[in-house]
Amino acid sequence: MLVEPGELLAAINSPDDLKKLSEDQLVQVSQELRQFIIDSVSIYGGHFGASLGVVELTVALHYVFNTPYDQLVWDVGHQAYGHKILTGRRDRFPTNRRYGGMSGFPKRKESEYDAFGVGHSSTSIGAALGMAVASDYKGEKDRQHIAVIGDGAMTAGMAFEALNHAGVANSNLLVILNDNCMSIDPNVGALKEYLTDITTSRTYNKVRDELWNVLGKLSKFGPNPQQIARKVEQAMKATLLKQSNLFEALNFRYFGPVDGHDVQHLATILRDLKTIPGPKILHCVTVKGKGYALAEKDQTLWHAPGLFDKITGEIHTKTYEKPQPPKYQDVFGHTMVELAEQNDKVMGVTPAMPSGCSLNIMMKAMPDRAFDVGIAEQHAVTFSAGLATQGLVPFCNIYSSFMQRAYDQVLHDVALQNLNVVFCLDRAGFAGADGPTHHGCYDIAYMRSIPNMVVSAPMNEEELRNLMYTAQLPDMGPFSIRYPRGEGMMPEWRTPLKKIAVGTGRVVREGEGVAILSIGHIGNYAAKATQQLAAEGLNVGHYDMRFAKPLDEEMLAAALSKYKAIVTVEDGCLPGGFGAAILEFMADHGYSVPVKRLGIPDRIVEHGTQDELYKECGFDVAGIAAAVREMAGKVAAKAAVEKVVL
Ligand SMILES: Cc1ncc(C[n+]2csc(CCOP(=O)(O)OP(=O)(O)O)c2C)c(N)n1
Ligand SMILES: CC(=O)[C@@H](O)[C@H](O)COP(=O)(O)O
Ligand SMILES: [Mg+2]
C-alpha cells in the first residue's frame, strides 16, 4: 500500500467502527480522512476539492445516521470519496476510476451504502424523496432519508422540481445544502446571490445563534421554547434578510447556515434534525478544497487536477519535445472567438462547464456574448432557442451525456421551429475514467432522430473549425457537431476557415475489396488500421463521412458499388447510430453488400481509459484491423466459391 491510513481511520471498516469513537475523536478522524484523500488522489487521480470540502459532513453523517438503513444520497457523487473510504472501500482506493476498479461515483452495485447511482447532478433530492415516500408507504417510520447537494447542483431545474414536490409530500427528508460558492467554476445566478446573502448577513446569524443558544438551554423544559424560537427566527429572517424564506416558502424547515467544518457541532445538529419530521434543509457552509491550501486558492484547477506532488503541489503534466495537438475543447474555445469577431451574431452558451468546454476563453474576451447559465442544460437549450429567434447564432456547448437531459428542448424548442442553434457536443464517445454516467454514447442516435438536425463529427481540428464555420452561415438550421474528450491530431491547427458542404464526406484513401466508413475522431484509428493492413498487403478504402445526417449519398452509392464489404466505425452506440444510418440507406436503396458495424455495443460499458474501452469494444486500431481482415476473408471466400461455380 502506497497510502497508509492514520491510526483511527485504519480501524474503520464500516460506519459501525466509526460509531465506536468518542465525539472528541471526530476531529482527529476527520483529519486522517482528509489526509488519506490527499495522499490517494495525488497518486491515483480523481476528483479532489469537493471531497475535501465535505470531510466533516461525511464523518458526522455516518456517525449520527444508521446507514445503510438510513438512506444517504450524494448529488453528482464526485464528493463521495470520504463516504467510500468510511464504508469499507478504503483498500480499493488505488483502483479508483481505473479499468475494472472502483467507480469514481456512488454506484448501487458497488455497495449497499450507495443508496443511489449518480454522476449527473441534481438528482439527489428527487431520489431521496422517492425513498422517503416509499418508507411512508411501507410504514418504516424510523427511516431517515438524506440528500447532500451542492450549491451548484441546486441551480438545476430538477432540484427545484423535487423541492416543490417534497414541500407537500411531508415525508421524512433532510436536504443538506453544501454551499461552497463553487460549481466547477465559480457558481452563478440569483440563487447563489441569495445564499450568499444568507451566509453573510452577520446580524441575522448573530441573533439566530443567540436565539438557539437560549433555546438549547430552555429545551430541557419541553418543546414549547422550540416552537417559540422557531416563530421568532422566521420573523427575524423575514426582516433581516433581503429575500427570506425561499426554502420555507416551499414548506421546508430551514436550518443554518452552519459551519460545515465543525464536525462536533455538525453531529449535534444532525442528531437534533433526526427528531424533526417532514422536509427540512440544513444549509452548511464549506470551503471547496478545505485543508489543502492550493486547492482552496484555485478551486477550479483543483476540482480534478490529475496526479500531483502533494508536498509541492506541482501538477504532473507530460513534457514533449515537439508541439502537440491541442484538445478539441480548446480548438472550440479559440475558434468561437475568431468566429464571433467575424460575425456579430455569434454567441456562446454553456451550462456550468466554461472551463470544461473552454467557452471561458470567449467569456473572458467577450463577456457580453458568452454565458454560463449554471447547471441547467434544458434552460441552456431553450435560452439559445430564444436568442436564435432574434437572429443571433448561439453555439450551445454541452457535454454529450449532459445533453441527454435536454432532448425535448432540442426537439421542441429548436428543431420544430428550425432555429439556427449550433450544438457543440463535447466529450462525445467514451469519456474514460468518469465511466458510464459520462460516456457520450447516444448523441448520434438521439440527434439523428430529430427532423431538421444536421449531425456531424470532425476527424481533426481543421474539420472542427470548418464545421463550426459552416454552422454559423445563414439559415443552416439546427446543427450539431460532436467531438471527444482530449486531443485531436494537428499540432498546427489554426487553419483558414472554410465552408464544408453539408452532407459531404471525403475520401481518405481508395482501396479495393473492403472499405471503412468512419465518422469523427475515431477515423484516425481507422486510418492507422488501413496503414497496418496495407503493410500486410490489404489495400483497404477509407471514407471520413463527416455527417451522419444528411449522409453523403453520392459518396455512399459509389462506395457501395465499388467495394465488396463495408466496415463502419463510430465512437457511439450501435443501436440507432452511424452504422445503423448506413444500413438504413442500404435497405432503402437496395444495396446488399455485407456490413460489419464497430462501435459501442448495446450494454453499459464501465470506466477505464478511452483506449482500454475502445479495445474492450473492438474498435481500437487492432480491433478495426481485425474486423477488416474478417470481412476481407469473407469476400475472398465468396469469390472462391463463385469461381468454383463458374
Ligand atoms: C447534469 C450535469 N451537468 C454538469 C455536470 C458537471 N459537474 C459536475 S460537478 C459540477 C459542479 C457541482 O457543483 P456543486 O454541486 O456545488 O458541488 P461542488 O463541486 O461545489 O462540491 C458540475 C457542473 C454534471 N455532473 N451533471
Ligand atoms: C463530476 C463531473 O461531472 C465533472 O467533474 C466531470 O468529471 C468533468 O469531466 P471532464 O474532466 O471531462 O471535464
Ligand atoms: Mg459547490
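Glycine too: its Cβ is placed from the backbone N, Cα and C atoms.
For the thiamine diphosphate site, TrEMBL records H78, G119, H120, S121, G152, A153, Y292, E377, and the single candidate of N172, N180, N343 listed with them is N180. Close contacts with ligand 3, defined as a Cβ under 6 Å from any of its atoms, occur at G152 among the binding-site residues H78, H120, G152, E377. The DSSP secondary structure for E377 (thiamine diphosphate binding site) is helix. The Cβ of D151 has fewer other Cβ atoms within 10 Å than any other of the binding-site residues D151, E377. For ligand 2, the binding-site residues lying close by, meaning a CB under 6 A from one of its atoms, are H78; the full candidate list was H78, H120, D151, E377. Each residue in the domain 'Transketolase-like pyrimidine-binding' (326-491) has a pLDDT score, and their mean in this model is 98.
Other Cβ atoms within 10 Å of the Cβ of G152 (thiamine diphosphate binding site) number 30 in total over all chains.
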